[in-house]
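Asks: Pasting the relevant annotations from Swiss-Prot:
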{"type": "REGION", "residues": "1-21", "note": "region 'Disordered'"}
{"type": "DOMAIN", "residues": "44-349", "note": "domain 'Protein kinase'"}
{"type": "BINDING", "residues": "Leu50, Gly51, Gln52, Gly53, Thr54, Phe55, Gly56, Val57, Val58, Lys73", "note": "ATP binding site"}
{"type": "ACT_SITE", "residues": "Asp179", "note": "active site, proton acceptor"}
{"type": "COMPBIAS", "residues": "380-406", "note": "compositional bias 'Basic and acidic residues'"}
{"type": "REGION", "residues": "380-701", "note": "region 'Disordered'"}
{"type": "COMPBIAS", "residues": "428-475", "note": "compositional bias 'Basic and acidic residues'"}
{"type": "COMPBIAS", "residues": "493-508", "note": "compositional bias 'Basic and acidic residues'"}
{"type": "COMPBIAS", "residues": "516-534", "note": "compositional bias 'Low complexity'"}
{"type": "COMPBIAS", "residues": "547-557", "note": "compositional bias 'Basic and acidic residues'"}
{"type": "COMPBIAS", "residues": "558-567", "note": "compositional bias 'Polar residues'"}
{"type": "COMPBIAS", "residues": "586-598", "note": "compositional bias 'Polar residues'"}
{"type": "COMPBIAS", "residues": "599-631", "note": "compositional bias 'Basic and acidic residues'"}
{"type": "COMPBIAS", "residues": "632-660", "note": "compositional bias 'Low complexity'"}
{"type": "COMPBIAS", "residues": "661-674", "note": "compositional bias 'Polar residues'"}
{"type": "COMPBIAS", "residues": "692-701", "note": "compositional bias 'Acidic residues'"}
Amino acid sequence: MSVIAGHHVPRSNDQRQYDTPSVPINIAPDSEGHIHEMSRLKDYEVIEKLGQGTFGVVQKAKSKKDGSLVAIKQLINHSAKEGFPITAMREITILKQLNHKNILTIQDMIFEEPKMSNRTDIITMRGSFYTVTPYMSSDLVGLLENPKIKLELGQIKCIMQQLLKGIQYVHNQKFLHRDIKAANILIGQDGVLKIADFGLARIYHGNVPRLGMGPGGGEKAYTGLVVTRWYRPPEILLGERKYTTAVDLWGIGCVFAELFTGKPILVGKSDSHQAQIVFELVGSPLTWTDAAKLPNKNEYSCGLACKRSLEAKFASIMPTEAIDLLSGLLTLDPFKRLNALDALNHKFFSTDPLPLLPTQMPKFEESHEIDKERFKKLKDKEQAVSELKPPTEIRYDNHSESRYNADHSTFGGGVGGKETSFSSGKSDYIDHYEPRARRDHYEPRIRNDNKDSNDVRGEFESATRQEQRRRDIQNRLDAGGMDTYIPKTTTAKLREHSGTESLSKKYDNYQPINVSRGSKSPSPSKLSSISQSKADLISKPSAPKVASRESSLERKQVSNGIRTTTDVEPPRARARRPTDMFGRPLTSNSTQAQPTRNKSVERPKDLEKPTNGVTEDRNKKPVLEEKKEVVKPNLAIPKIKKSSSLVSLSSRSSTTPVISNPSKVTKRAASSVTPPVLPKKPKISKTSSESEVSDLEEDSDFTGENATVFERFMALEQLQKSPVYKRIINEKMRFEKLSGGHKSM
């Protein structure tokens with residue numbers, strides 16, 4: 001395939017006067033006017049991936065011949081029937097006829113032969129085609145997502161002026177772009193804007209736009225599966241098929257507002273929802289006379305009660321002239337919508353500040369749509385630091401507090417259960433404010449002190465803060481003088497670098513307090529005797545007194561040891577742990593052994609330790625097993641239910657079904673008898689226009705306009721002399737031959 005340089009469709013004299021200045025195509029044909037043999041991928045060094053769309057994958061590369069940076073786009077073949085993608089053929093055919101500085105041009109074509117193990121693989125493994133275009137350092141999505149870039153009004157005017165000039169040239173050549181969005185608008189380091197991705201572009205029939213005369217076209221029906229939903233105009237949402245050049249101006253209006261907001265303004269989840277938010281912004285469809293005649297009545301009816309909010313929404317971020325231009329671009333009636341010539345003559349471009357020249361534009365950091373996630377993380381990080389940064393200096397002590405940073409608790413993180421990633425410790429945060437003295441500055445007191453009635457902080461603290469301080473003091477007293485708490489942030493860092501095992505080994509050598517020399521932590525066998533309740537020891541007449549003294553001594557050691565147990569959980573969690581009748585926190589063993597006042601708890605067999613005078617029969621305990629209970633059939637309860645409790649063999653059998661949770665079962669039974677009547681949610685009808693942007697269903701064969709495109713693409717006599725043309729014809733013949741032979745088999 002070859003591209004003939006300088007080939008244009010004949011135009012009338014009245015069309016030339018609306019053309020903007022153009023630049024020559026950067027293609028060097030041979031003496032016969034043909035481009036030489038197509039390049040190979042090995043002629044380029046791929047650097048990185050720039051993005052991926054519906055019709056191809058774009059990569060940044062460097063030419064090995066001259067060292068220039070280029071963008072290589074792989075043409076994806078969606079249909080196995082096509083030897084060459086029809087969308088790529090249409091894009092190349094249209095770009096061959098466009099020659100403007102604000103339109104992206106094709107420099108080269110690449111063809112890669114398929115790697116086949118046998119001759120039949122050509123049916124599934126065809127050669128790959130690539131287009132080579134000049135490398136553009138940024139696209140509009142990347143610039144708007146980059147937190148380091150803030151567009152000024154003069155820069156916005158320069159971008160909009162170039163965009164309108166480019167789309168005006170496209171419309172004067174009688175083409176519809178049909179996919180205007182921020183991702184398809186590219187900006188180079190020289191400040192020149194280029195419109196890209198003509199995969200959905202089509203020729204239109206009718207008059208070209210004139211100044212003050214509305215849009216052009218509207219004489220032929222097209223598919224409605226065009227334009228990305230967030231930039232889709234209301235006429236396509238309502239089912240119009242004979243649309244005009246106004247569909248591109250609606251997308252430009254959305255991009256114009258996005259330059260001020262930094263994000264898309266009309267983000268719909270479906271076509272019905274998209275139509276609703278459009279009507280909420282620009283007003284009810286009742287103001288548009290022909291809207292009621294369009295086929296999509298569901299989208300029409302959802303906006304009847306909507307009121308216009310465009311001016312109120314953008315009044316605080318856009319000047320008056322910009323709002324007036326935006327209102328003209330986002331007009332419901334496409335025949336009243338501004339065309340490109342009308343927009344270029346708007347007073348927005350003639351008021352101060354004037355639009356910058358492309359050479360005056362700054363050299364922005366390289367920003368593409370693929371960098372969107374990276375920019376989002378960077379933006380969230382900066383926002384978190386700015387929100388948590390205190391207004392005055394920070395005392396670099398993990399336990400210092402002040403009324404100016406009272407939103408952060410003593411232990412790091414937010415107060416009242418609010419999780420934050422900020423800690424006022426020196427290792428986590430460095431403040432750059434210069435310290436300055438204040439008259440009301442005070443020395444931070446230690447956490448064991450009681451609240452002083454003369455403390456000025458009491459005037460600025462809430463009840464939640466005071467309650468937190470009392471809880472901290474109580475936790476400090478319960479710790480027995482030894483601070484074994486590790487801040488959460490430090491613990492997290494230790495776990496990241498060395499894991500939880502090294503953290504636990506760090507405290508293995510800690511010894512209990514108030515224990516005689518040579519004594520160690522109680523063994524598991526001694527813990528079993530400690531777990532016996534006081535009532536059980538008294539009930540054994542043959543038990544010697546020495547055993548009771550030993551058990552009381554061991555109980556005392558354990559109670560002292562509990563206070564020095566290495567516990568890295570926050571003091572708030574320790575405060576919520578259950579305690580015994582003496583206020584001591586319970587461990588897993590002590591919790592199991594703690595008797596209740598009104599109910600006796602039987603001792604497990606494996607924890608009992610036989611003593612002198614106590615027989616084996618007395619220590620025996622009935623074997624416990626799970627019991628299946630038969631439950632009467634009910635609407636809410638199954639016939640057979642497995643009991644979750646353990647039932648002794650000596651217990652009495654009961655015919656009454658045991659219900660583990662009567663409240664839940666009662667609710668279930670009540671709900672089964674009288675089910676609540678839930679309001680029905682309105683169903684959103686999904687029409688054919690809900691599909692993604694595609695034009696393949698109606699153009700899957702070479703009939704109708706596609707045949708005209710192909711004939712126009714291949715009919716030139718000079719084109720047939722090209723070796724690229726011969727390569728495509730040969731591959732097509734091989735495919736038809738092998739495909740026909742494969743079917744006959």
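Cβ coordinates come from backbone N, Cα and C, glycine included.
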Asks: Please determine which of the recorded positions listed here (Leu50, Asp179) has the lowest count of neighbouring CB atoms within 10 Å.
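Replies: Lowest Cβ count within 10 Å among the recorded positions (Leu50, Asp179) is Leu50.
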Asks: Fewest other CB within 10 angstroms, which one of the binding-site residues Gln52, Val58?
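Replies: Output over binding-site residues Gln52, Val58: least Cβ neighbours within 10 Å is Gln52.
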Asks: Whole-number Å distance between the CA of Asp179 (active site, proton acceptor) and the CA of Gln52 (ATP binding site)?
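Replies: That separation, Cα to Cα, works out to 15 Å.
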Asks: DSSP three-state call for Val58 (ATP binding site): helix, strand or coil?
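Replies: DSSP call for Val58 (ATP binding site): strand.
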Asks: In which DSSP state, out of helix, strand and coil, do we find Leu50 (ATP binding site)?
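Replies: Note: Leu50 (ATP binding site) is in a strand by DSSP.
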